[in-house]
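Encoded as structure tokens, the structure appears first; notes follow it.
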Amino acid sequence: MNPYILATLLFGLGLGTTITFASSHWLLAWMGLEINTLAILPLMAQHHHPRAVEATTKYFLTQATGAAMLLFASTTNAWLTGQWDIQQMSHPLPVTLITLALALKLGLAPVHAWLPEVLQGLDLTTGLILSTWQKLAPFALLIQIQPSNPTLLVALGVISTLIGGWGGLNQTQLRKILAYSSIAHLGWMILVLQFSPSLTLLTLSTYLLMTFSTFLVFKLNTSTNINSLATSWAKAPALTTLTPLILLSLGGLPPLTGFMPKWLILQELTKQDLAPTATLTALAALLSLYFYLRLSYAMTLTMSPNVTTGTTPWRLPSLQTTFPLAISTMATLALLPLTPTVMALMTL
């Protein structure tokens with residue numbers, strides 16, 4: 001892609017998200033979301049093959065539906081209450097509609113079906129943008145409206161953690177596995193949103209960090225399915241040693257960084273007298289942990305599937321810079337000791 005066009009599109013992505021962050025009026029927030037969507041569409045369709053075009057079309061239709069629903073709900077709120085301010089949502093009908101519209105934009109279950117299909121049709125770089133940056137603007141709106149329908153949020157969170165775990169069990173494509181991982185992590189964030197927005201932001205930031213590391217690892221290995229992971233030992237042995245730890249951090253095992261938000265969320269749910277919900281969510285995390293362990297096993301403990309007539313693939317050195325991966329990997333693995341500091345900051 002022409003670097004000037006690429007810079008324009010990335011600027012549009014940043015502008016759309018910033019407009020949504022800074023807006024207090026629903027029309028401006030909607031405008032920011034639309035700029036965001038229009039900026040990423042050419043990036044998704046830049047590889048001219050049918051799968052990418054199909055993914056771009058699905059993404060466009062889904063996001064357009066979510067934006068139309070958001071605009072309709074905000075108009076309904078203005079009709080019922082006479083104001084357009086984001087933080088003054090009082091009527092339950094527009095609040096419920098806006099929550100569902102933002103859930104559709106994020107890919108929360110049960111309106112999640114587009115996310116694995118779209119992510120599967122993209123290259124890893126665009127998939128990384130879709131899984132990280134594109135989540136920020138809808139989350140900013142969700143945190144601002146402080147939804148007055150707690151039952152809906154808890155239901156969305158529990159269903160997302162369950163479907164995110166079940167959906168990834170039988171997958172062989174890495175991008176679909178990461179999509180279901182995204183759905184499960186979003187469920188954890190939504191579950192605790194009404195009780196502790198700061199904890200939701202902490203979970204979102206750790207998720208962005210861990211997902212960034214995982215996508216960069218797969219991009220460095222040029223891996224798109226489980227079988228291709230088996231060749232990574234010959235390409236980058238040091239990275240292959242660290243990758244299972246990154247995946248287990250995504251699964252939420254101590255003493256890795258991913259354990260911190262899940263532990264704090266379970267603690268907060270228990271404080272709110274939601275012990276059955278916390279138990280169900282913790283059990284759902286075991287489903288996700290299974291396919292992270294499956295990826296780790298395929299990467300470190302299996303040989304590459306070869307036949308006697310097969311040719312050895314070229315193992316050219318990767319041109320990708322490894323400095324961002326090194327920084328994010330260390331943060332993904334070693335931030336758990338900061339938990340007391342984080343808890344102290346959250347109570348301020």
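In case you wondered, yes, glycine gets a Cβ from its N, Cα and C as well.
In TrEMBL, annotation is done automatically, which means it is predicted and not curated.
TrEMBL lists 23-285 with the feature domain 'NADH:quinone oxidoreductase/Mrp antiporter transmembrane'.
What TrEMBL records for 60-80 (among others) is transmembrane segment. Sequence-remote contacts of a segment are chain residues at least 6 beyond its ends whose Cβ falls under 8 Å from one of its Cβ atoms, and for the transmembrane segment (60-80) they are 26-27, 29-30, 33-34, 37, 41, 89, 91, 93-95, 97-98, 100-102, 104-105, 114, 118.
Sequence annotations record features per position, and here TrEMBL assigns transmembrane segment to 92-115 (among others).
Counting residues 6+ beyond its ends, the transmembrane segment (151-170) has Cβ neighbours under 8 Å at 96, 99-100, 103, 108-110, 112, 116, 176-177, 180-194, 274, 277, 280-281, 284-288, 290-291 in the same chain. For 151-170 (among others), the entry in TrEMBL reads transmembrane segment.
Marked as transmembrane segment by TrEMBL: 177-195 (among others).
The transmembrane segment annotation in TrEMBL covers 201-221 (among others).
Feature annotation from TrEMBL assigns transmembrane segment to 233-254 (among others).
For 274-293 (among others), the entry in TrEMBL reads transmembrane segment.
Sequence annotations record features per position, and here TrEMBL assigns domain 'NADH dehydrogenase subunit 2 C-terminal' to 289-342.
Positions annotated as transmembrane segment by TrEMBL: 323-346 (among others).
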When you check the transmembrane segment (177-195) against the transmembrane segment (274-293), do you get at least 3 Cβ pairs under 8 Å, counting only pairs 6 or more apart in sequence?
yes
Cβ-based contact of the transmembrane segment (233-254) with the transmembrane segment (323-346), 3 or more pairs under 8 Å:
yes
So what's near the transmembrane segment (323-346) in sequence-distant terms, Cβ-Cβ under 8 Å and 6+ beyond its ends?
196, 198-199, 202, 206, 209-210, 212-213, 216-217, 220, 239, 242, 245-246, 249, 254-260, 263-264
State the residues, same chain only, that lie 6 or more residues beyond the ends of the transmembrane segment (274-293) and have a CB under 8 A from a CB inside it; answer 'none' if no residue qualifies.
154, 157-158, 161-162, 164-166, 168-169, 171, 177, 180-181, 184, 187-188, 191, 247-248, 250-253, 262, 265-266
